[in-house]
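To start, the structure itself, in structure tokens.
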């Protein structure tokens, strides 16, 4: 019978490959989760800033909107779109009514007057040799320009009736500004402006009512979207919490597998572990005993004296305990070094801290230190 080819036998390091793959997969997943966590954190930070700068319109509907508790983003977004469309439709209706008033009352009166030409079309600055016109008038305006903007496609014309109102007033104000009070154009502009203002006052209550309704509906739509986003990110945060827990469990399982593949601690290493346990602060000592209790249900660190038989512990427990003690002592050294270089520390405070860390029970409020015997 032929011996197996030595080259076909896996090298010891090949057994580590599954661990490397597992670690790589976990790190990749952790990086993905970290990005998602950052996204959730940024959302809530931006939400806090927005809530801190809420407009009056938002506050009018805030309490009412909070009662809806949306379960997703789709329906609230649709509702917001429908609300916005309804508001735009009503505004278009107001624009139509306003256009009717302009055409039937103002424009008709102007076209029937002998001085109608100054207001219907742009001022012929060159033909009339009004060389200083643009020095006096900053923004020329006329009814043909207004009509073109009113008939323009959505997004290129007027956004609301107040913009129309402002341009109509500008026509008359420009004429009154450029021509002196006795000039026919000035008198005509002043007269038509007064008539126009009367008509505007009749329409103003409807405009104000619609503006208030539109503000509330826009605020409600924004709040619906915000609530839907909050629900989405709350669910995402919950899912992230579950996934992070699963990753933690995977890491724990991987650690157990790695430790099982590790060598056993030597007698000397166990002896050194027992010595270093005695150097732990009171808090870290309790935590070290908890580490043992987590994997050894029989071990109960109760009472003032605790006997810890290191030989009776599993390799997994010993390696966990060794790693914990190493990290804890390094952390204690950093704290001690920081306290030593801080000139502002009160000497009495240092003594008290040292007494607490060493488990001195002379103070009435200090907990009694456990007496640990590492066998």
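Using the three backbone atoms N, Cα and C, a Cβ is placed for every residue, glycine included.
Curation does not apply to TrEMBL; its annotations are automatic.
What you see is a predicted model, and the numbers here were worked out from it, not measured in a lab.
Looking at 288-331, 332-375, the stretch flagged in TrEMBL as region 'Disordered' turns out to be 332-375. Mean pLDDT across the domain 'Bromo' (111-186) comes to 87 in this model.
In terms of DSSP secondary structure, the domain 'NET' (255-336) contains 57 helix, 4 strand, 21 coil.
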